[in-house]
Every structure is written in structure tokens, then in C-alpha cells.
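Asker: In case it helps, TrEMBL gives these features for our protein:
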- B:32-50: transmembrane segment (TRANSMEM)
- B:81-104: transmembrane segment (TRANSMEM)
- B:125-151: transmembrane segment (TRANSMEM)
- B:171-189: transmembrane segment (TRANSMEM)
- B:196-215: transmembrane segment (TRANSMEM)
- B:299-320: transmembrane segment (TRANSMEM)
Amino acid sequence: MADTTTPNATSGSWALEARGLGKRYRRGWALRDCSFRIPAGRICGLVGPNGAGKSTLLGLATRQVQPTTGELRVFGVPVDDPAVMPTFAFLGQDKPLFKRFTVADTLRMGAELNPGWDAAAATRIVRSGNVPLHAKIGTLSGGQRTRVAFALAFGKRPDLLLLDEPMSDLDPLARDEMSTLLMAEAVERGTTVVMSSHMLTELEDMCDYLLVVSEGRIRMAGDADALVPAHTLVTGVSRDGSLPPELDHHTVVETRLQGRQFQAMIRPRGPLPAGWESAEPSLEEVLLAHLRSPDAPSLYTQGARVEAEGNQAA
Amino acid sequence: MSTTLTEKSVEPGTGRSLLRGMPWLVVRQHRVALACVLGLTLLTALWIVYERHELVQLLDAKGWPENDASRSMDNNRGYDYITGIINGFPLILAVFIGAPLIAGDQENGTAQLVTTQSASRLQWLIAKLGLAYSLALVSGVVLSALFTWWWKPHRSLFLSDWIDGVIFDNTGPVLPALLLFLTAAGITIGTLVRRVLPAMVITFLFTAVTTLFVWDEIRVRLGSPKMFTYPLDSELPAARFDDAYEADRWVGSADGTLYGWGTCAEATEKAQNACIKEHGIVNNVIEYIGYNQMAGMQWLGAGILLAGTALLTAVTLWQVSRRPL
């Protein structure tokens, strides 16, 4: 497993820290037994199929949803403590804004409701997109509206920015513009970003940390740079149409039989047989393999795992 | 007005506005509704002042109260319109202010927007409820005070009795309490339904049923009816009961047994007399609520409505604090 830069166990250096976190709705568990850490200062992608629990997780982190079990800390502070409110900003999936407010009213709302409001930064973000301050929100294009929502989020000067599929409804041009803006602002201030997304390419470009959720459980958590090299894509000859027993020595994520050949996504736990061809998979291949096989053992890189008792796993 | 905004208005602390923080937000968000309700209140208030002035002039000319002026309020169109508007206030406040107050933000996602800023959900809710309740209270107190001021000195001239909804509900503490209660009902329905249009429809039905049927039943039960007994062959001393609301009418025998008013309503006088004799009926009895009970009944009614308001507010607070917005 690759050695990665993760902070020490002092809790302030973890932007998010979940222990046994779970949320049950009337129809069942949306999120269950989630224990993970996201270090401060990273851009973390939250990946998973629809209904996997991504929005619930973001809802828990933004105090919209109350957990059924476990606890969640934001920079070491329990999420139910009102003191966490100024530390994060949230951008929901449909970026709700008051449609009858002007852009100036919207920024004023940011100023009125947030003690550490950075009016200069918010105005700069709006201006750089040529969004007129006196225009009503309802008359703006999707891209412009997203820009105002970003301005509101960054004007709050958050240490943690939570985004629920921020780019999903934007055209490619606006998406590119917003990604650039997001990266520039986040890097400049060292903001931790957690963004859920369906766009695997978007994640590959922007995120250096990953949290993969499926069926309400954490499948993978850790450095993008460490998660991918932990996997190997092997191809070999099958025996009588079944998988070779040598595979059992490794952690198998996904297998596929094709005629006399087999292909498997594994996490090797020792040398591979000489007859197998191995290749390093792409991030996309690793993610898809995990999402297709929800029963595969989950993977945490160093530091990403939190035991329920609170001890850091080896 | 938005075109006159300068860049400076973006900076906090430079605004001339008295309102800050959450109160600023809710007033800005609901300013059109606020202006409409306050404007309607003001117009109605001015109209009442004008009508009262007209009435006083007319009565002075007639030399009231020494001379008879009993037909002064007949065919008074102004009175009809004003009471129509005041009776519409519960509906306006409940359906157009109460129902969309929280439901609108839940539907548009702006509840999420506001509660993920640095202010807590409770602060937001307090500002919202504060706005709606203040509006209900201001309209209710202003209109009720002026209407009472118009009606009370001249009540003998008004065609409606004090127990009628148009007087009882629009004077004293009842109107503000009724407006508060129905506004709270609209807010609670909106919070539970979470969608604006269905919430408005349900609130409309609730308000209509409450004001038209339920409250009518409650109103007459707020007082404690008294009995007055007088001999069968004498007239009711009418002057004494001019102001009283007659709840029921009976006939009674010497030992105090009461029979329904129509017990001996027979086709022929002979049969009627026989019936009276048979039951031993000697008295007429009326059951009435005197005008002197009105103030007490109004405060009792207002108390019930305010208790209901408190209950509905608690439900709203509980709902919003435990469910995701």
C-alpha cells in the first residue's frame, strides 16, 4: 500500500470524521456503519450510484439530517454543535436561491447571516462572470446562477465546502468555468472540498481523495493516488471454464470469464503467477469494478479508517 | 427599486436599514405580502374612521340620542363592505401568509439554503413566525380597535346583534386572536404538507370550516345562559332584554318543569287550552345571555384561540426541528 500524506491523529486536522455513522429512514437504512476520515485541505470525491447514500451523508454533514446512530465530527467538533455552522458551506444539487432576490440581495443575505462574510471575495466571483448585481436571480442562466451560489458559498469563508453534484446541470462550457473557479478558490484558501459526482472524469481531474459509497456502506476511502495502485487488473487462462484457485490468495473485487480467458480486478497480496498478464487499471476501472460488486471487501488507505472505538487502524 | 442599487449595498454595515440578520431576510423575502396586508389594513382603517365620522354627523343632525335615529344604519353599503373585508382577513392571512410561509421555502429548497448559513434553524423559524404573527397581531389590533370604536357607542343602531359573528368576532380581543390562530394553522398545515398549493387549498378549507361552522358553535357556548320566568298571560318586559341574546324559549309548570316552546301548539284554541291544563303550564321561560357577558365571553374566546395558537406553534417548531427541510 502506498505511503500517503495523512495528518496525525489530532482531530482538528480531519475535516470530517465519522464513527459508526448511520441513518435510517422509514423505508430502511440509507447509510449504515460508516466510519471514515477525510483529512483537511483535500479535494474529496464522493462516489456512488444513485440512492447509495451520498446525499444522506452530505445531509448529515450539513445538519439537515440527524443521524440515527454514531457520530460525525467536523474539524473535531460534533456536528450537532452549532459552532460548526460557520465552518462549512453547502451547495445543494439544485442550488436553491431566492428567485425574486437580486444578485446584490443574495450577497447581502450572505453578509447578514454569516459572521465571517468576505464581501470582496463574493463580489469578485460574481463580477468575474459578468453577472450584473442588479439582475434578479430568476432571470439568470444556469451557469450564472451556479456562479452566484458559489459566491455565496465562498463568501462564507468556509474551511469545508460540501457540494452535491455541483456541475450536473451545467453545459460543458459552464462546467469547465465552474471547475476552474472551484479549484482556484479552494486551492488559494486551502478549503477542504467534498463533492459528490457521477462524472468519473470530473473526479479524476479534480479529486485527490475518494470516498466510495454503495448501498449505504463505505466501499473505499482514501487517497486517490493510493487506491488505484493498490489494484491490479489481471488476465489469464481459465481452467475448464472456471476461475483459477490462485485468485483466492488475493483480494478479488470483480471477475469476468470470457471463453477460455478470465479477467479480474484484484488487490494482490503476494506475487502473481507467471502466466498472468497484469496491468494497472485506471481510476474509472477501479471505481466501476467496486460499484458493480458491492460485496467486494472494502478498502481504506492509511488514516482513512476509524475504528468504532476511536482507535486508528494500522 | 432594484435598479438603484449601488455596489455599496453589497457591503454589510453600510445599509441604512434598521433590520439586520434573519429579520432582514424574512422581511426582504416577504415584503410584497407584507406591504399588501399592511396596505389593506390601513385602507380599511381609514374607511372605518370615515364611516364613523359620517355616522356621527348624521346622528348629530338628527339629534340622537334624544330623538329616534333607529334607521341610520339601514342600507349602509360602507358597513357591508368593511365587515366583508374584515371577515376576509382570516382567510387572507391563513391562506396567503401562513400556508406558504414555511412550505414555500421547503418546496423551493431555500429552507436548506438559509439553514446552511451560519444561523440555526430555530433562529430562522423564530424570525419567520415572528413576522407572520406580528402581521396578524397588528392587523387584528388596529381593525378591532377601530371597529369597536365605531360600533360600541352606537350599538343600538347596528342591525347585527352583539352575539353575531360580524360584531362579536370583529371587536375586542377576538379578532387579533382569531387572526393569530388561523395564521398559525396555515403555517402548521404548510409545514406538514411541505408544498405550497396543496397547503393553501387545505388551509382555505380549514379556515372556511372553522370560521363558518365550528366557531359559530363555540361562540354561543362561551357564555352561561340565564333563565327568566314570567306568567303565561303577561308580556315579556322587552326593554330589559333588548340587548340580550335569546338562546331558547320554554314553557313551564308551577313546579318548575320545562316543556318545549311548541309543546302545546295545537290547531284549535280548545285543544291548546286542554294541553296547557294537562301539563299544568303557567309560565313562559326564556333562556338568554345578557350583553353584560359579552366582554367575558370575548376574553374567554380569545384565550381559547391563543391556547390553540400556542399549541400549533409548538407543533410547527417540533416538526421543523426534527425533520429534514
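The count begins at 1 with the first shown residue.
Just so you know, glycine gets a Cβ as well, placed from its N, Cα and C.
Note that TrEMBL annotation is computational and uncurated.
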Asker: Please report, as numbers and ranges, the same-chain residues at least 6 past the borders of the transmembrane segment (B:32-50) whose CB is under 8 Å from any CB of it.
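Answerer: Contacts of the transmembrane segment (B:32-50) (Cβ under 8 Å, skipping residues fewer than 6 from its ends): 78, 81-82, 85-86, 92-93, 96-97, 131, 135, 138-139, 142-143, 146-147, 149-150.
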Asker: Decide whether the stretches the transmembrane segment (B:125-151) and the transmembrane segment (B:196-215) have at least 3 CB pairs under 8 angstroms, with pairs required to be 6 or more apart in sequence.
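Answerer: Output no: the transmembrane segment (B:125-151) is apart from the transmembrane segment (B:196-215).
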Asker: So which residues does the transmembrane segment (B:81-104) touch in its own chain, when a touch means Cβ under 8 Å and the partner is 6 or more beyond its ends?
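Answerer: For the transmembrane segment (B:81-104), the list is 30, 33, 37, 40, 44, 47-48, 51, 110-111, 125, 128-129, 131-132, 135-136, 139-140, 143, 147, 165-166, 169-170, 175, 178-179, 182-187, 189-191, 193-196, 199-200, 202-204, 206-208, 211, 316, 320.
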